[in-house]
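S.K.: Take this structure first; my questions come after.
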2 protein chains.
Amino acid sequence: MRAKVKILDMYSGRYSVFINEEEAKKAKLHPDDLVRIESGKKPIYGSLVISNLVGPGEVGISRDILQLHSLSEGEAVEIAPAGTPESVRYIKKKMHGEKLRKVEIEAIVRDIVDRKLRDIEISSFVTALEINGLDMDEIAALTIAMAETGDMLDIDRKPIMDVHSIGGVPGNKTNILVVPIVAAAGLTIPKTSSRAITSAAGTADVVEVFTNVSFSLEEIKRIVEKVGACMVWGGALNLAPADDITIKSERALSVDPTGLMLASIMSKKYAMGSQYVLIDIPTGKGVKVETVEQARSLARDFIELGKRLGQYVEVAITYGGQPIGHTVGPALEAREALSALMTGKGPGSLIEKALGLAGILLEMGGVAPAGMGKKMAREILESGKAYEKMREIIEEQGGNPDIKPEDIAVGDKTYTFVAPTSGYVTGIDNRAITGIARAAGAPEDKGAGVELYVKVGEKVKEGDPLFTVHAESEARLDQAIVFARRTEPIKIEGMVLQRIGNI
Amino acid sequence: MRAKVKILDMYSGRYSVFINEEEAKKAKLHPDDLVRIESGKKPIYGSLVISNLVGPGEVGISRDILQLHSLSEGEAVEIAPAGTPESVRYIKKKMHGEKLRKVEIEAIVRDIVDRKLRDIEISSFVTALEINGLDMDEIAALTIAMAETGDMLDIDRKPIMDVHSIGGVPGNKTNILVVPIVAAAGLTIPKTSSRAITSAAGTADVVEVFTNVSFSLEEIKRIVEKVGACMVWGGALNLAPADDITIKSERALSVDPTGLMLASIMSKKYAMGSQYVLIDIPTGKGVKVETVEQARSLARDFIELGKRLGQYVEVAITYGGQPIGHTVGPALEAREALSALMTGKGPGSLIEKALGLAGILLEMGGVAPAGMGKKMAREILESGKAYEKMREIIEEQGGNPDIKPEDIAVGDKTYTFVAPTSGYVTGIDNRAITGIARAAGAPEDKGAGVELYVKVGEKVKEGDPLFTVHAESEARLDQAIVFARRTEPIKIEGMVLQRIGNI
């Protein structure tokens, strides 16, 4: 049927296409049917809503569609039912344990990006991958298909380095030190990061405290070609867009199939043109990878996948059993990172990890001799060259390079928890610390978070402060306190962990 | 947040809940987030749409919600974000190959019915069942949970018989003969049927040609207690509603996991209070079950599941390799069934199958001695008692009992295909016949369908008519002709099946 576009002021989280009840009946269309909009440009696929908010001869579209497609009010388009996409057969093939061919994986990824596959099919694909897995041929095909169905960057300044932490450890502002150290040594490192999804602060959330993080690919190219580095949010770029769509199912199901995780990370590196990639795998209780054996197996997969993509990949297995540094939450972490860059000093867990990772990158990029990378990284940090590079990045991204740690506002509603007993700190629960910071309002409330005064192995006396919760409102502070009381994130030897009896 | 209900005139195929952009920002809610509506009654779960179609202090709801919940314009409700439902953990457990406990299955089913689980989670569950399966303990728990989360019927007239064909064979109007035969023998048989989903006519579509098929459970109880039988559409009843929801994922993925299929069928029988259930498994090329071995294995599952539910189940494995009788499509099938009931005569494939199934039911219900059921069924059919019962059913369901086969209008746009060569009919392709009838407009166009003049094994001469396509419009007729030419549904020995060469 032919119809005139009517833009409906709504975001439904999917491509919603409204037609009138009468016309739906005529066309034998039902709610949530997949339909195709032909406008002379690339066809658009959406989910049907039957509604008298649009009249006969009109087709309503939700604003979700306009984020990637241009349709204008009153434009004449053709609406037709869309059949079952061919790629559903390949998803079924994976369900039945068969290996997928390259063209089949490409078809699935293209149909995801084109929105021909919707929640049902994508969730089924994710579930089939969680159960039946992918081999390295399939992962390489998936990675390349994900990259090539999105935009790609071509920076004219080689070699291009990248670093990625697979995440899960709270307070991990390490890369905010690593990037300027590596760039100060003359290497190119166009770093894209994510915002927090389930954590209290993604690298992009922290960097945003200093400067802008949202740029187009052309702007990124300009920034990186000028200062050798950037620290931007990858989410609004059209890098490997299939990944941004599948993540919705992964989050709802709280699964992260290994093959999909590898493809998700490496497709973005591939799209950014990265040639030398360092993967940081934090390992320990309460993070994604709990044992060194798992970390080693994953490391081999990253390295092998890199080979298939023509990238040189190294992996650093790091300790992720407790938070990095002393702060968790965007503004608190920004303060800590900036202070470390300015003074060259800070918590050992932050400084040593940053220098370790930066050192490996310096060696990979050929600017430090083997075994000398960390030493060189330390010189760059302590000499102030890394801070100088950080100032350039902040300025180039539109922020104030003169910002000082004390200028950064943190939540002024605070509550400090003290040691209930004397003894050694035997454990800090990553998930609980993240939960407290989120309950306090992080990452949306930039000033919310947790400041830790102790780390595992330290001795405390009864009444010593353990950590302070920061929030921007009393209500959020109260929520965080309740959460902290319930989870007891810091365990002290000799503490009664649980008391069971008559109440 | 507190808000006043605004009913939005739309059906989106899900429970859509609209709030204003400003309020969404305040409440940190995003498009498609799961939200809970508290109105003092049972909480309602829905998917968030952010839209300025509603003002601050208003919450818009799509009409989908009103099909099962009562909310009125202007009613004050409370909207809150809903966390991840607990049952997602059990879906993950099944993904990881573990056996689910009864309470876990109950939680999944309850959350499906309550709409706490949406496409993503339900599709993941269906996919995990397709891959990892369910054992009989799990299937029994699933069946009972599906029945008990919906309405249940309690008919005061025992024993209660039921018959169900697992479908896939075109033209299967058999049960329209079986039900009146069984009821005429004094047994009670409250038959619910589905409408066509992928076939050309469901039993409900065919019965609807004679009489109404949509009734409430109370009306069904009254009809059955009066005449001993009904033939109604099960879809609008709230029988095992979880099944009606999961079917959406199964259709999109074109999968039908065995455990879910067993639970789907038997939960509806359980909810109808059926005590003696006969399952017809058509077997052959082009139907769901292709081999007798598969049919036997499925039969054992049905019988075992029946035991767990306190039902006595028997299974008839029938021939499903070609259409039943000579007609496919609602009106054509209604004509054929009515004529068979009135005269006791008709195509062997229809009459013998109906008498065979009815005979088993008469023996199961204890009104015929072992081995004598089919004979008794034949007497009931040939004596006109079955037709008399059919008239009672038609009348009780609001139709005209005096309807004659020739009163039933069939599509008057017709085209007849003839034998391209002389020889024996070696095959009739079920899927192709269904496809032609659907292309002609069935099941929505009641008069559309296919009339077959030959069956497998018959001898034809070149030019003999093979089948006639009926349609209600020229456009549909043309579509069906094109489809038929492409699929060549009837194969004749000696026919050139494919010609390859220079064109």
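Glycine too: its Cβ is placed from the backbone N, Cα and C atoms.
Note that TrEMBL annotation is computational and uncurated.
According to TrEMBL, the protein has these features:
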- B:D256: active site, proton donor (ACT_SITE)
- B:G168, B:S194, B:R195, B:A196, B:I197, B:T198, B:S199, B:T203, B:S264, B:K288: AMP binding site (BINDING)
- B:424-491: domain 'Pyrimidine nucleoside phosphorylase C-terminal' (DOMAIN)
S.K.: Find the average pLDDT over the domain 'Pyrimidine nucleoside phosphorylase C-terminal' (B:424-491) in the predicted model and report it.
M.R.: 94
S.K.: Where B:I197 (AMP binding site) and B:D256 (active site, proton donor) are concerned, what is their Cα separation in Å, rounded?
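M.R.: Cα to Cα, B:I197 (AMP binding site) and B:D256 (active site, proton donor) are separated by 13 Å.
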S.K.: Determine the Cβ neighbour count for B:S199 (AMP binding site): the number of other Cβ atoms within 10 Å of its Cβ.
M.R.: 22
S.K.: Record lists B:G168, B:S194, B:R195, B:A196, B:I197, B:T198, B:S199, B:T203, B:S264, B:K288 as binding AMP; longest Cα-Cα distance in Å?
M.R.: 18
S.K.: By DSSP assignment, list the helix, strand and coil residue numbers for the domain 'Pyrimidine nucleoside phosphorylase C-terminal' (B:424-491), in that order.
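M.R.: Per-class counts: 24 helix, 20 strand, 24 coil.
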S.K.: Can you tell me how many other Cβ atoms are located within 10 Å of the Cβ belonging to B:G168 (AMP binding site)?
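M.R.: I count 21 other Cβ atoms within 10 Å of it.
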S.K.: Can you tell me the CA-to-CA distance separating B:G168 (AMP binding site) and B:D256 (active site, proton donor), as a whole number of Å?
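M.R.: If we compare the Cα positions of B:G168 (AMP binding site) and B:D256 (active site, proton donor), the gap is 13 Å.
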S.K.: Please report the Cα separation of B:R195 (AMP binding site) and the residue listed as 'active site, proton donor' in Å, rounded to an integer.
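M.R.: With the alpha carbons as reference points, the distance is 17 Å.
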S.K.: Between B:S264 (AMP binding site) and the residue listed as 'active site, proton donor', find the distance joining the two CA atoms and give it rounded to the nearest Å.
M.R.: 10
S.K.: Could you round the CA separation between B:S199 (AMP binding site) and B:D256 (active site, proton donor) to a whole angstrom and send it over?
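M.R.: About 15 Å separate the Cα atoms of these two residues.
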S.K.: So how many other Cβ atoms are close to B:R195 (AMP binding site), meaning within 10 Å of its Cβ?
M.R.: 19
S.K.: Note down the number of other Cβ atoms within 10 Å of the Cβ of B:I197 (AMP binding site), including every protein chain shown.
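M.R.: Within a 10 Å radius of the Cβ of B:I197 (AMP binding site) lie 12 other Cβ atoms.
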S.K.: Going by DSSP, is the residue listed as 'active site, proton donor' part of a helix, a strand, or coil?
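M.R.: Note: the residue listed as 'active site, proton donor' is coil by DSSP, not helix or strand.
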